């Protein structure tokens, strides 16, 4: 890493979250010069090394780029218009048989086209806690992208991580925990790219709110994008962590975000791009802007930006001019082009790939070629994925599974299907608290997807009723419906919506809560299903004696109803666990409930100070000793599991810092050295088979009480016992040393906790380093 700051000066800047200095307290500053220097400069931009599995792709790319004219190199670095419906395009170079690139939304399935599937969302996969599911979903989903001529998936999402409870895009990512997010993004990147489609992991980095995410104008006054101000320790231990796992898995591209980081825009921040991503993590692919996130010309290129989407007004011929006048090295343009072409070769897209955009019509309602993306082989993964992301959080007196009901009463707006499915479904110009006209199976914005169909809960319930001879009464519009007193169960469906572009107006809504309470006041067996695009607090009615069962159904995709009925009737056993903490009341999230808003003196340059450090979600609840409604990692089953036999291996003797080594993709390879192995036994003590997520938490000296550092989802037959093992590597047991700029093992006693959730940990032990 090269910088014009010495190590001591660098560490000083990074030790605490950055803020603008010496600003007047009583009036808005009108220049961001107060904020200069808060993000350390790191230059030059390192060239891709072609390390490890990238060697062959880099050799081919260098040969390819050597044949390009300056104009052709420049054209690779910015999007262009094309006669297709791709989100973005890179122009072809016909004389060298390069067909161009089609990049398209998004990480939860293709958007804006036909003959594709609506997959379970990232949050839904996070709630499954299944690495195997994450990989299979990625494989089958990527096959649809490939058949439709998409070279690059604009996903998966690990930013936002979920710092702000009301953040509008938390549903696109996997979890509020970096370890869980990192494990699932690794499988997602690995799975998608195994079928020859590149991933663009996003949004890098600290894109933790939608409010003021972009610069804007209010009453004719320019307002900058919000600045996420963070210290180096928190950056590494929380927000960079899952991106490191994505790079380790070989993500071909990283999308830089709209926001500023320590008062430097994310797509021209040399510290995050040159320093962290390309130097420390050894990233071999290319950095792509989010749409319209370019705010600088040559400065952005020098800071590590490689590709602008969807087009550029500041690069083009200006890049070659900059090389001519010496403000940019020719090697930087070469590296940009090499990284892009190397990723194309790395995905083997030079061989037998569909034409870019072949199945992406500009208008689905105009004549176009039929290109089928869906495959019959995906059906099992679609349904399994939909099932496993449901989390059962209450089940009084075994209300579920249903037992041959004679009469079911169904209530709530969320039970019914949509009136229409369109090309850009669920892109709204505002963010309502709920989708009151139909069931919620996906969130809004660019992360939405196109469904082949939507199996709504009421439709699936009717099909099952036909098979069983059950009567079904329903009222899907009233807030205070009539209830037949002889009904076996009342099924109430509500939702909680979220979308790109807006943060949520709250974590609950009065009309939905009133519906639940009104039904529960008349029905002794009220079962509530919530399709939630993020945290939903339910303290208003969760303790009602007639609310017997509650399911967080998240965003299951097109097989929503079918999956739910499998669970309601016991043909599938709930196995999901919460990937976030549900508070008893919204105020328990404290300062991390709402997004940061512009305040004097920074009204024109909004600031969001990450002063809480690593203490978000369950770490914050543990630190403040707040009892949640349902803790991180919690989820019920139709059976029960018993834990025993904790074993901890003797730790491998290791120096405080990892030995020096050539940086590979993912960083210093010694970070992955195995240090300790923990094992335990899980017994199914119930009468039916089920799947349990065994969770390992570590208490690192001088750190939070507990941090997730392992999980395994295991299927266990009734009465059977299985062993789970957790292999802990050096990074798992380290904290970030801001002075040494290294991951550091701590000297002292490490606490070990194994169990069902972050607060139900029957097995405890320790080891010493």
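Cβ coordinates come from backbone N, Cα and C, glycine included.
Per Swiss-Prot, the feature signal peptide maps to 1-22.
Annotation source Swiss-Prot lists N-linked glycosylation site at 28 (among others). Long-range Cβ neighbours of residue 28 (N-linked glycosylation site) (same chain, at least 6 residues apart, Cβ-Cβ under 8 Å): 600, 601, 602, 603, 604. In this structure, residue 28 (N-linked glycosylation site) belongs to neither helix nor strand by DSSP; it is coil.
Over all protein chains present, the Cβ of residue 75 (N-linked glycosylation site) has 20 other Cβ atoms lying within 10 Å. According to its DSSP assignment, residue 75 (N-linked glycosylation site) is helical. Annotation comment: Swiss-Prot describes 75 (among others) as N-linked glycosylation site.
Summarising the annotation, Swiss-Prot assigns N-linked glycosylation site to 262 (among others) and lists sequence analysis as the type of evidence.
Sequence annotations record features per position, and here Swiss-Prot assigns active site to 290 based on similarity to another entry. Counted within 10 Å of its Cβ, the other Cβ atoms near residue 290 (active site) come to 23, all protein chains included.
As annotated by Swiss-Prot, N-linked glycosylation site applies to 318 (among others). Reduced to three states, the DSSP call for residue 318 (N-linked glycosylation site) is helix. Residue density at residue 318 (N-linked glycosylation site): 17 other Cβ atoms are found within 10 A of its Cβ, drawing on all protein chains shown.
The N-linked glycosylation site annotation in Swiss-Prot covers 325 (among others) and rests on sequence analysis. The number of other Cβ atoms within 10 Å of the Cβ belonging to residue 325 (N-linked glycosylation site), over all protein chains shown, comes to 9. A helical conformation is recorded for residue 325 (N-linked glycosylation site) in the three-state DSSP classification.
The secondary structure of residue 437 (N-linked glycosylation site), as reduced to three states from DSSP, is coil rather than helix or strand. Note: residue 437 (N-linked glycosylation site) has non-local neighbours 413, 418, 419, i.e. same-chain residues 6+ apart with C-beta under 8 A of its own C-beta. Among the features that Swiss-Prot reports, N-linked glycosylation site is placed at 437 (among others).
Spatially close to residue 546 (N-linked glycosylation site) yet at least six residues away along the chain are 520, 521, 523, 524, 525, 526, judged by Cβ distances under 8 angstroms. The N-linked glycosylation site annotation in Swiss-Prot covers 546 (among others).
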According to DSSP, which of helix, strand or coil covers residue 290 (active site)? coil
Three states by DSSP: which one describes residue 262 (N-linked glycosylation site)? coil
According to DSSP, collapsed to three classes, what secondary structure does residue 546 (N-linked glycosylation site) have? coil
Is it possible to get the count of other C-beta atoms within 10 angstroms of the C-beta of residue 262 (N-linked glycosylation site)? 26
